Amino acid sequence: MNETQFWTFFFIILTFGIYIIIAWRSRVKETKEFYVASQGVPTLANGAAVAADWMSAASFIGMAGLIAFLGSDGSVYLMGWTGGYVLLALLLAPYLRKWGKFTVPEFVGDRYSESVRIVAAVAAIVVSFTYVVGQMAGGGIVFSRFLGLSIEWGVVLVAVVIFIYAVLGGMKGITYTQVAQYTVLIIAYLIPAFAVAYQTTGIPVPQISYGQILAELDSLSVEFGLNEFTEAFSGRAGGQIDVFLVTLSLMLGTAGLPHVIIRFYTTKTVRGARYSAFWALFFISLLYLTAPAVGAFTKLNLLQGVQGQAPDNLPDWINTWAPTGLVTVNDDVETIGTVSNIATSGADLIVNNDILVLASPEIGGLPAPIVGLMAAGGMAAAMSTAAGLLLVISSAASHDLYFRVIKKTGASEKEQMMVGRIAMGVAILFAIWAGINPPAFVAQVVAFAFGLAAATFFPILILGIFWKKANGPGATAGMLTGLAFTGTYMIYTLEVFGTGANDHIFNVSPEGIGAIGAALNFIVIVVVSKLTAPPSEYVQEMVEEIRYPQTRKVDVRS
Amino acid sequence: MSDVAHEGTSGGPPETEDTSWRKRYWKKNLRLMITLLVIWFTVSFGFGILLIEPLNNIVILGFPLGLWFAQQGSIYVFVVLILVYALWMDKIDDEFGVSERNEEGGYK
């Protein structure tokens, strides 16, 4: 075992031990604890839990590498995945908390109709499941690279730990492990970032100091056949319109994803939900503001390290990562002349986006404990998101489908808990299977889960709160239109399910189509709701009630 | 219908209670929301996408300004917007006597 492996083992065992202790201390007996942690999660803790729930293996491992190569256009992810929280905080979280039950399908079921609930439950399961597979695979990569474990064993190990705390503690166990996981992942992300910034510029604040290297990075990038980091609309093919639409799709999708929304059901009050949203974005921003700096510094170090070098004289990290197949070198050239992140580009050195963050301590020449910490951070990011998603799958399958469609009445508290736990267990088994044999289309589908969430959930939730006249037929028609339109365009432009990829219409990429799908969804809901009977008095009264934090006290400020 | 009785949602206010405050409360909420959303749109879609190219001609600390808004500035503003919303809603809640401050809330 080398030094890096020792430190990786050390941090992985330490952190997994902490998660399991937390799980044991927060085991639960009732459905209200299992699904919403008894609505007793303190604001600050919920903020940290949302942040961990939200930041997945993709945010931690993939995003900075993606931005490094996209340059300016990487902002679609930065703005898209944070701007959605403004919508969530102002338009959804306080009202859904006031309504206060267990799941997102349950809200649309109460607000619109039972059939909307079933469609929403199925959609929540599909979206969450594709997402879970990515987390499992991400965890497997970390294990195989740092510990030399096979990907299969890596996935199984991750799943067993998640199984222990999710089945034992439900939402309560997940919440408090997420708080711990946030702490681990943010420390693991920031320490190497600050160290690399200090090494490169002498100023240990990466968010500020990466400005200083941009001019140098631009000229080096051009030298190696890459686009300039600072030039707008050069990283993505679609140009300005596409950047606009992708950003909007990601924002609307963020606000509509069920695993994030349900976290706001767990606060004690509506006020708690508002402040949770603030803390959540504050904690998320610590990573998101650092990611472009990590991308820029690592890319600069990478290009400087290979500049003018022969293929057999490259920095050490290239050799350590070569066995993963994520770095490839063309041995036939005299010196490395071109660099790319695209496998088919034919460049002399091809570096996959996904290794830039995990390899950044090595690229920057940082010591072994930091490399080990990075591995623990990547695991924390993958596990915290997987657990949140598994809870959505379990609650949709048991609470929204099984007890609504199959066994409608007479389920005791004990029975509901048992079914919830079984659903969680089955979901984890599926996740293990899919994490080991990821279906070819998963990577693509994950990226488009946002577009689908934007085109289906977001409009029916917003109109459900802000327009009393929105009714069941409108919501059903709107959701199906959004889904059909967005799904069709994605299949039309992508090679999934064996279909050929067609050209983008008006430069709109499949990632950006969700914004148009959402707009269609809004229009259809409004038109159909106007043409059909308005919702019952009871439903309109419910909408009225969720708009105010609580029944007014007669003596103001008691 | 529901197996969970929650504070506030159970029954609603009695018929006799004056509910005209609700319209005013909701209006204030909407006005605040729209103001903040205009800022949200301006810094992200406005400065970070639509106006990014002209703004990039201004360079501060090495950052072209448009790029800075797209990768840093907009995120700072988002965090502040949510904080302002939570604080301002506390004020509106106090004004209308629907504050939850004594139960568990955000800032101590």
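Residue positions begin at 1 at the first shown residue.
Using the three backbone atoms N, Cα and C, a Cβ is placed for every residue, glycine included.
Per TrEMBL, transmembrane segment is recorded for A:6-24 (among others).
Residues or ranges marked as transmembrane segment in TrEMBL: A:44-70 (among others).
Counting only same-chain residues 6+ beyond the ends of the transmembrane segment (A:116-134), those with a CB under 8 A from a CB of the stretch are 56-58, 103-106, 108-109, 257-259, 385-386, 389-390, 392-393, 396-397, 400-401, 404-405, 427, 430-431, 434-435, 438-439, 442-443, 445-446, 449, 452-453, 456-457, 460, 472, 475-476, 479-480, 483. Residues annotated as transmembrane segment in TrEMBL: A:116-134 (among others).
Marked as transmembrane segment by TrEMBL: A:146-167 (among others). Below 8 angstroms of C-beta separation, residues 4-5, 8-9, 12, 16, 19-20, 22-23, 136-137, 139-140, 173-174, 177, 371-372, 375, 379, 382-383, 386-387, 390-391, 421, 424-425, 428, 431-432, 435-436 of the same chain, each at least six residues beyond the ends of the transmembrane segment (A:146-167), sit close to that stretch.
With a cut-off of 8 Å between Cβ atoms, the residues of this chain six or more beyond the transmembrane segment (A:179-198) that come close are 15, 18-19, 22, 45, 48-49, 51-52, 55, 60, 204-206, 209-210, 283, 286-287, 290, 293-294, 297-298, 301, 357, 360-361, 364, 366, 370, 373-374, 376-378, 380-381, 383-384. Per TrEMBL, the feature transmembrane segment maps to A:179-198 (among others).
What TrEMBL records for A:243-265 (among others) is transmembrane segment.
The feature transmembrane segment is assigned by TrEMBL to A:277-297 (among others).
What TrEMBL records for A:370-397 (among others) is transmembrane segment.
The transmembrane segment annotation in TrEMBL covers A:418-436 (among others).
Taken from TrEMBL, the feature transmembrane segment applies to A:442-467 (among others).
Per TrEMBL, the feature transmembrane segment maps to A:474-492 (among others). Residues of the same chain lying 6 or more positions beyond the ends of the transmembrane segment (A:474-492) and with a Cβ under 8 Å from any Cβ of it are 108, 111-113, 115-116, 119-120, 123, 448, 451-452, 454-457, 459-460, 463-464, 499, 502, 505, 508, 510, 513-514, 516-518, 520-522, 524-529, 532.
For A:512-533 (among others), the entry in TrEMBL reads transmembrane segment. Cβ atoms under 8 Å from those of the transmembrane segment (A:512-533) belong to residues 238, 242, 244-246, 248-249, 252-253, 448, 450-456, 458-460, 463, 467, 469-471, 473-475, 477-479, 481-483, 485-486, 489-490 of the same chain, restricted to positions at least 6 beyond its ends.
Comparing A:44-70, A:243-265, A:370-397, A:418-436 for CB pairs under 8 angstroms to the transmembrane segment (A:6-24), the maximum falls on A:370-397. Just going by CB pairs under 8 A, the stretch in A:44-70, A:277-297, A:370-397, A:418-436 that sits most against the transmembrane segment (A:243-265) is A:370-397.
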